[in-house]
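Please read the structure below before turning to the comments.
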Amino acid sequence: MAACKRLVVACFFLVLLLAEANAQGLKVGFYSKTCPHAEGIVKKVVFAAMKKAPTLGAPLLRMFFHDCFVRGCDGSVLLDSSNNQAEKNAVPNLSLRGFDIIDDSKAALEKVCPGIVSCSDILALVARDAMVALEGPTWEVETGRRDGRVSNINEVNLPSPFDNISKLITDFRTKGLNEKDLVILSGGHTIGMGHCPLMSNRLYNFTGRGDSDPSLDSEYATSLRKKCKPTDTTTALEMDPGSFKTFDVSYFKLVAKRRGLFQSDAALLDNSKTRAHVLEQARGSTFFHDFGVSMVKMGRTGVLTGRAGEIRKMCRIPN
């Protein structure tokens, strides 16, 4: 009898945990009955686009990140504005590319399942499929988000390449993400490019006295100065030199050697917890799994579910 009671209690707490995990109305396979081929349709569009332009992987991943960190994962970064006052018009979002992939996915879905799949879910699926197309990590995407109707340039306050570790930890905590998530998601810098203006102060004027960042490896700094002159505003730099097209752990190995491109990369060594995670990822083999876990957590940020929001007919404009 006592054993039965213990089993009932254990099941009760399991139910509570599951309920908490899905409290926001998200679940894997949300469209399994209403649009069973939804994920396959999106994947087909993404793989076709990535085959033509594999460099779209990094911007598509950033697009999901930038969406979730402003108003939650509600697709607000996708909205256009007649007066250029939407999120996508903010300086940090001007380098985003791949909006046409979202549009193409939505158009393909509307032909099969009109009014069913949200743009915010499409963005979440596209981010995952873009990584898979690069032979990177995969994870089960929770769906069930609905789309927001508001996109305001003045609300864009994203974590910055210039942030110190305290600011980064605080920004991530406000989204329900911890120090490990910060490190793991920073690992997205293993693919893609940065530009000279984002790190010229580390090379030429770190404290306002014409000096360089002492946390930057001196040999790496010398190499970067050859590519980035003080007034250079256009030259692109590999965020993960020698491996910027491949999703792997080399980013963490470089950060551990003080060769992270941005201040925010270097800052990961300035906190005992984040430093430990960097070193663990640099020598381990759990990055792909951990990245998926952190992406799922981030994808739960401020979502609209149930009757909140809407299902947009077109991803660039509210209904």
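Don't overthink the numbers, they just go from 1 along the chain as shown.
Cβ coordinates are placed from backbone N, Cα and C, and glycine is handled just like the others.
Curation plays no part in TrEMBL annotations; they are all automatic predictions.
Marked as active site, proton acceptor by TrEMBL: His66. Just so you know, the Cβ of His66 (active site, proton acceptor) picks up 21 other Cβ atoms within 10 Å once every protein chain is counted.
Under the heading Ca(2+) 1 binding site, TrEMBL lists Asp67, Val70, Gly72, Asp74, Ser76, Glu87.
With a 10 A radius on its CB, Pro159 (substrate binding site) counts 20 other CB atoms from all the protein chains. TrEMBL lists Pro159 with the feature substrate binding site.
Look at TrEMBL and you will find His189 tagged as heme b binding site.
Residues or ranges marked as Ca(2+) 2 binding site in TrEMBL: Thr190, Asp240, Asp248.
Per TrEMBL, disulfide bond is recorded for Cys35-Cys113 (among others). Applying an 8 A CB threshold to same-chain residues 6+ apart, the list for Cys35 (disulfide bond) reads Leu109, Val112, Cys113, Ile116, Val117.
Sequence-distant neighbours of Cys68 (disulfide bond): residues of the same chain at least 6 apart with a C-beta under 8 Å from its C-beta are Lys175, Met298, Gly299, Thr301, Gly302. Taken from TrEMBL, the feature disulfide bond covers Cys68-Cys73 (among others).
The feature disulfide bond is assigned by TrEMBL to Cys119-Cys315 (among others). A simple way to gauge crowding: the CB of Cys119 (disulfide bond) has 30 other CB atoms within 10 angstroms, across all the protein chains here.
Under the heading disulfide bond, TrEMBL lists Cys196-Cys228 (among others). Counting Cβ atoms from all protein chains shown, Cys196 (disulfide bond) has 19 others lying within 10 Å of its own Cβ.
The feature domain 'Plant heme peroxidase family profile' is assigned by TrEMBL to 25-319. Model confidence over the domain 'Plant heme peroxidase family profile' (25-319) is summarised by a mean pLDDT of 96.
Residues or ranges marked as signal peptide in TrEMBL: 1-23.
Of all Cβ atoms in the protein chains displayed, 23 besides its own lie within 10 Å of the Cβ of Arg62 (site 'Transition state stabilizer'). Look at TrEMBL and you will find Arg62 tagged as site 'Transition state stabilizer'.
Working note on the binding-site residues Ser76, Thr190: by count of other C-beta atoms within 10 Å of each C-beta, Ser76 ranks first.
Considering only the binding-site residues Asp67, Asp74, Glu87, Asp240, Asp248, the Cβ with the fewest other Cβ atoms within 10 Å is that of Asp248. A gap of 23 Å separates the Cα atoms of Cys119 (disulfide bond) and Pro159 (substrate binding site). Note: Cys228 (disulfide bond) has non-local neighbours Cys196, Met199, Ser200, Leu203, Thr235, Leu237, i.e. same-chain residues 6+ apart with C-beta under 8 A of its own C-beta. Here the Cα atom of Cys315 (disulfide bond) is found 14 Å from that of Glu87 (Ca(2+) 1 binding site).
In terms of Cα spacing, the recorded positions Cys73, Thr190, Asp240 that come within 10 Å of Asp67 (Ca(2+) 1 binding site) are Cys73.
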